[in-house]
Amino acid sequence: MVTTHNFGFPRIGAKRELKFALESYWKGQSSRDDLKVFGAQLRQRHWQNQSHLDLVPVGDFAFYDQVLDMSFTLGNLPERVHGYSGDQLDNYFRVARGRSAATAGGSDVAAGEMTKWFDTNYHYIVPEFTAATEFKLDASRLLEQLAEATAQGVNTKPVIIGPVTYLWLGKAKDDSSKLALLERLLPAYAELLEKLAVQGAEWVQIDEPVLVTELDADWQHAFNFAYHHLKSSRVKLLLATYFGTLQENLHLACNLPVAGLHLDAINARDEIQPLLNLLPSHKVLSLGVINGRNIWKTDLNATLDWLEPFAARLGERLWIAPSCSLLHVPVDLASEQKLDVEIKSWLAYALQKLDELKTLATALNNGRAAVATELAANQTAIAARRTSPRVTNPAVRAAIANINPALGQRKGPYPVRARKQAALLNLPLYPTTTIGSFPQTAEIRQARSQLKAGELNEAGYKAAMRAEIERSVREQEALGLDVLVHGEAERNDMVEYFGEQLDGYAFSQFGWVQSYGSRCVKPPILFGDISRPKAMTVDWIKYAQSLTSKPMKGMLTGPVTILNWSFVRDDQPRSVSCYQLALAIREEVQDLEKAGIRVIQIDEAALREGLPLRKFQWKQYLDWAVESFRITANGVADETQIHTHMCYSEFNDIIASIADMDADVITIETSRSDMELLDVFDDFKYPNEIGPGVYDIHSPNIPTQEHIVRLMKKAAERIPAERLWVNPDCGLKTRQWTEVIPALQNMVAAAKTLRGAA
Ligand code: GLN
Ligand code: ZN
């Protein structure tokens, strides 16, 4: 008999209930006890949802983040919250979100740093270490939840983050060696496993996803050291790897002294066979056969075709599960009332994925005939998707086949273009601009919800947006900015806005996925070949340009960012979807140029995010990502100035690709790095223009003129002044006008000072 289990369930709730409960508590509208009771109810519901599995995860629920939970379990809290004497949950939120002096009635508590969880869009709170870090087990959360689940009759499998991955995820604040802490950390793990055993846990899932990344000898050794230390534990350990292939770590993973190993069979199917040859015969092999990272139905018959021989060979030793935690998918497809029925029939959210798992297990255990109806229905859906005319567009296919290097090539090299653009745009030294969005005011949001509710018609909505655009143009003229933007009033979101207007995209109502804490994203669903039925931004930008004699910047989201922030197709490579997006946005760029727009910005905020987990795969990704950008941007005359914008990025290891994008101007987020981020551009001799952000738009603080001048002087030590722009770090949509105006006044004044001094 094959065993079914799950790694983790999306804790935010089918209708984002956890988000609302958290935010209500944070606003003081509900009590801590209300929140705790709510958490317990949510866990209960989710355990019930999974009750048909042989083993159900416990400990995957977190009020904010599972890594932060682990830090609390291990007693590893940042020094700045050590003296805290209040409630544990409040302390947890202090680390998660920070506390300003005003509300804490004392000194500021900085929030823990957040970073991306492997190659997903989930962000975790980075554990902090110093050479002096000590660990002290606090198993209360896990033990309580285990007791809760056991009392409800759940077949439990506690889930924890493994010691090596835990250290790897963290940051040594004093640059000491994180690995030196392993010896001190392991007793806490041993004690935790013992406590779980005492409370009746038979299996414990111990997550070590770093095994799918390149590990140097020290880290590999740490694995051996750690798991030999934990070998005598009375629970059986299921060592979980996911998100990728084991490659050179395969041998290591197979031979660690644990009772079972989980492999992501979606990403590492080719490793099953070699793994079987190495895996000691007493070990369980768990295969992740349902994709935990996308929203498509699994082809169950095809899966059984390759899975059945392994099942025959492994017998009881085979377990099956989703490839990774279902944290990365929405909860329940049944919530979707408005989704196109045909497209809906191709999808599976978490609950549907667990049903698929059950069907596979029944087929393996009792033969396919036992689930003939389910398999036939699945086959129908899979075939319908494959052959649907809505998925394939012959004209798009032909255009993709005709892509050639000339498409990505500007006519003249940068120096020639720069001269022509300067003659036409006539900008001063240190030109000023902003990144695109201006405050999304209450009026804007109200107009949008009225439009949705049918209380405002298209014409009324358009008039309201035009009024906002006019307001932002007037403000920018009064501020004396050099290159203006329209302010993006009409855009709900920089990806959704374009997805809604492109053919090949669908939108869900409840396709929410946790991004961090209470924040969720609802990635649009890219299901078919992408085309652009008509211009998407030209009317708005033309209108904005008509209001001013200053250059108006056209504003677009780039193909790589649209791709990386969508649920994408699994029936073609990501590169092909990206090229399709590139061709569609290219048409928009050319239409803007035809409409007389001289400066066009193509945002690629998420370019870096798409980097694969293993370095050897980087070049391939960067090649098609950069080529997609070039196809999008480079179909214009030399006189048209192309900008790109990237925030949240490090450039050290991708600078050659950034230069290869060949945008005339790149604006980046730099203010928090004190311009040091520019060193790599300097060292690389980056040839084009750069706008290093001079103030952090995430903060309500108003930057002073002196501060901006000082930052730009630092920038000018690295990049010649003739190639520098002055702009904020990112768009201003989350700020108030009352913050934006004084900040930009200081920015414009700083540019004038710099010009005077030059
Ligand atoms: N143009 C976008 C804006 O200003 C860019 C946002 C981003 O880079 N995340 O809002
Ligand atoms: Zn940005």
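Note: Cβ is positioned from N, Cα and C throughout, glycine not excepted.
Residues annotated as active site, proton donor in TrEMBL: HIS698. In sequence order, ASP729, THR734 make up the list of same-chain residues 6 or more apart from HIS698 (active site, proton donor) whose Cβ falls under 8 Å from its Cβ.
According to TrEMBL, the 5-methyltetrahydropteroyltri-L-glutamate binding site annotation covers ARG16, GLU17, LEU18, LYS19, LYS116, ASN121, ARG519, CYS520, TRP565, GLU609. All protein chains shown were included, and the count of other CB atoms within 10 Å of the CB of LYS116 (5-methyltetrahydropteroyltri-L-glutamate binding site) stands at 15. Following the DSSP three-state reduction, the secondary structure of LYS116 (5-methyltetrahydropteroyltri-L-glutamate binding site) is strand.
As annotated by TrEMBL, L-homocysteine binding site applies to ILE435, GLY436, SER437, GLU488, ASP603. Sequence-distant neighbours of ILE435 (L-homocysteine binding site): residues of the same chain at least 6 apart with a C-beta under 8 Å from its C-beta are VAL485, GLN601, HIS645, THR667, GLY693, ASN727, PRO728, ASP729, CYS730, GLY731, LEU732.
Of all the Cβ atoms in the protein chains shown, 22 others lie within 10 Å of the Cβ of GLU669 (Zn(2+) 1 binding site). The feature Zn(2+) 1 binding site is assigned by TrEMBL to HIS645, CYS647, ASP660, GLU669, CYS730.
TrEMBL lists HIS645, CYS647, GLU669, CYS730 with the feature Zn(2+) binding site. The number of other CB atoms found within 10 A of the CB of HIS645 (Zn(2+) 1 binding site), across every protein chain shown, is 27.
The feature domain 'Cobalamin-independent methionine synthase MetE N-terminal' is assigned by TrEMBL to 4-312.
Annotated domain 'Cobalamin-independent methionine synthase MetE C-terminal/archaeal' per TrEMBL: 431-752, in sequence order.
Taken as a whole, the domain 'Cobalamin-independent methionine synthase MetE C-terminal/archaeal' (431-752) shows an average pLDDT of 96 in this prediction. Residue density at ASP660 (Zn(2+) 1 binding site): 15 other Cβ atoms are found within 10 A of its Cβ, drawing on all protein chains shown. Under the three-state DSSP scheme, GLU488 (L-homocysteine binding site) falls in the coil class. Here the binding-site residues are LEU18, CYS647, CYS730, and the one whose Cβ sees the fewest other Cβ atoms within 10 Å is CYS647. Among the binding-site residues LEU18, GLY436, SER437, ASP603, CYS647, ASP660, the residues whose Cβ lies under 6 Å from any atom of ligand 2 are, in sequence order, CYS647.
Closeness to ligand 1 is met by GLY436, ASP603, these being the binding-site residues among ARG16, LEU18, GLY436, ARG519, ASP603, ASP660 whose Cβ falls under 6 Å from the molecule. Straight-line distance linking the Cα atoms of GLY436 (L-homocysteine binding site) and ASP660 (Zn(2+) 1 binding site), rounded to a whole number, equals 23 Å. Note on the binding-site residues ARG16, ARG519: the fewest other CB atoms within 10 A surround the CB of ARG519. ARG16 (5-methyltetrahydropteroyltri-L-glutamate binding site) and GLU669 (Zn(2+) 1 binding site) have their C-alpha atoms 31 Å apart, to the nearest angstrom.
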